[in-house]
Amino acid sequence: MPSRKFADGEVVMGRWPGSVLYYEVQVTSYDDVAHLYTVKYKDGTELALKESDIRSQSSFKHRKSQSSSSSPSRRSSSRSRSRSPGRPARGRRRSASQSREHKDDKKKTIQETSLALPVLVLFKLSENNTRRYNGEPESTEKNDTSCIILEQKLKPDLEVKRVLEQYSLRSRKDDKKKEEIYSEKKTLVAVKPIEKVPTKTKELEFGGRIGTFTLIFLLPATVFYLLLMCKQDDPSLLNFPPLPALESLWEGRVFGVFLLWFFLQAVFYLLPIGKVVEGLPLSNGRKLQYRINGIYAFILTAAAIGVLLYFQFELQYLYDHFMQFAVSAAAFSLALSIYVYVRSLKAPEEELAPGGNSGYFIYDFFTGPELNPRIGSFDLKYFCELRPGLIGWVVINLAMLLAEMKIHNLSVPSLSMILVNSFQLLYVVDALWNEEAILTTMDITHDGFGFMLAFGDLVWVPFVYSLQAFYLVGHPTTITWPIAAAITVLNCVGYYIFRSANSQKNNFRRNPADPKLANLKFIPTATGKGLLVTGWWGFVRHPNYLGDIIMALAWSLPCGFNHILPYFYVIYFICLLIHREARDEHHCKQKYGLAWERYCQRVPYRIFPYIY
């Protein structure tokens, strides 16, 4: 096992990935498995570098002295001072000497200018960053005036340098080395993307191995407990429901219906309708393609449900076998999680997720090792994120509405049921209409596809998010029209904050140079991205979470205040978003460094203004 060369805390010179520039960095840790150093730049950026990309500061000083000692001016002074037959007189020699000194000065100027060119580019970027932070216009055009003036100044000097090198007495080997160095220096002006080397996950989330092991059993148990409680006449927390017989939880026909639903949505996903877009760049620079046709799948599903209702198919079957459908979905999500974990064992390292490659079976199984598991062009994570669970949520709500009418002999559904169905239908249609926006979310760009997302998309979303409608079937609640109007206004306010904040963020990520976003100010980062400090994102750091929580409260209010059970969703959602916000804070601080600290100073509140 090779020994490490640099110690933790040692200040060294690290090469910036994709270039030949070296910067002063500090070694923070070393990965014995991948043999990579984690170093921290002065701006707070942390990267993983190979040992070959790190050098000590003393070696840089030594090379500098060597290069200066072997400069052309030194070599010219070591020539013989004996007078050659054709040597001119003293006066002419003086003028020739002055000419040589003038040429040496020219060469020195050219060398200093060529070395200063990358520094000038970096200073220019720093100057633009400062201007952008202060709200001033940025100057990053490719044909910048200062760069053009510099090139014009360099042209005569470069011409003199070419002539001098043509008639110099140095060996061709030295000339070849200088050409290679000069070609490397020219590449410094171009901005290259940073290539991240995937490493083992060091920081474990969700309580590490013990926490993820607990969640694998706790999440299904929570779903089944909530569904059993809703069936109780008195769904109070102290009234624990009796456990059903195990054989009553499983029915082959129900599992077959679930499989039919899943594969029907897969067929809709594969239909060649809708536009194809590219996702965000992966760690290797590659962009995956996604077909945006979720809204078409929803329309086709609505048509299929309409045909079933026309032929007298009773959707109340979902209500009568709701627990069995939940068990079937849980079993399928477990099988899917096992499949994606097994296939990830042979996945290339660059296709693994940043947070699901720890080497611990339970943790990786829960978080998901592979970032974008695909079967051909069929993206499993992207498909499950919106299709079977989210659209299934609307179908379940409709089944609960019809079940309420049949059980209570109603000609029209209750006002509470109408509000719950309408609010949640708007949420799902909005998600499908803005399907492309999901490509910039943390689930797609960071989290792997494992048990957490598989169970969450296929079980938690359709069976927990529909809890209010399921509750209202067995516990009808009457509300007045003024209260219904007030709840509707609350939901509209939450939806407006949620949609406008997400649209602002997604449009900025897609095209920061969009003229429609010219009024937005942002803090630049070392990654090339910007952090918005105006608009909704200058109000709180996660305005979309604030809108989500307001809508969640509006969904629970139609159920009244007799029991806390229908408010489980809003309580859980607040806890979920606070935890996700903490994850975002941690990742952004690592990714953006000092820029994120500036952003937190500008926007001090996380979700709730003046509270949190």
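Here the Cβ of each residue, glycine as well, is placed from N, Cα and C on the backbone.
Whatever TrEMBL says is automated annotation, not expert-curated.
Helix, strand and coil counts from DSSP across the domain 'Tudor' (4-62) read 9 helix, 27 strand, 23 coil. Residues annotated as domain 'Tudor' in TrEMBL: 4-62.
Marked as region 'Disordered' by TrEMBL: 53-110.
Sequence annotations record features per position, and here TrEMBL assigns compositional bias 'Basic and acidic residues' to 99-110.
Look at TrEMBL and you will find 210-228 (among others) tagged as transmembrane segment.
Annotated transmembrane segment per TrEMBL: 248-271 (among others), in sequence order.
According to TrEMBL, the transmembrane segment annotation covers 292-311 (among others).
Under the heading transmembrane segment, TrEMBL lists 323-342 (among others).
Proximity of distant same-chain residues to the transmembrane segment (453-473), defined by a Cβ-Cβ separation under 8 Å and at least 6 residues beyond the stretch ends, is recorded for 219-220, 222-223, 226-227, 230, 235, 262, 319, 322, 325-326, 329-330, 332-334, 336-337, 340, 368, 381, 384-385, 388-390, 392-393, 396-397, 400-401, 403-404, 407, 414, 416-417, 420-421, 424, 443, 447, 555-556, 558-559, 563, 565-566, 568-569, 572. Among the features that TrEMBL reports, transmembrane segment is placed at 453-473 (among others).
The feature transmembrane segment is assigned by TrEMBL to 479-498 (among others).
The transmembrane segment feature in TrEMBL is assigned to 519-540 (among others).
Remote same-chain partners of the transmembrane segment (560-579), defined as residues 6 or more beyond its termini with a Cβ less than 8 Å from a stretch Cβ, comprise 226, 229-230, 235-237, 416, 464-465, 467-468, 471-472, 475, 477, 479, 542, 545, 548-549, 552-553, 607, 612. Residues or ranges marked as transmembrane segment by TrEMBL: 560-579 (among others).
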Sequence-distant contacts of the transmembrane segment (248-271), meaning Cβ under 8 Å and at least 6 residues beyond its ends, amount to 291, 293, 296-297, 300-301, 304, 321, 323-325, 327-329, 331-332, 378, 383, 387-388, 391-392, 458
Maximum Cβ pairs under 8 Å to the transmembrane segment (210-228) among 292-311, 323-342, 479-498 is reached by 323-342
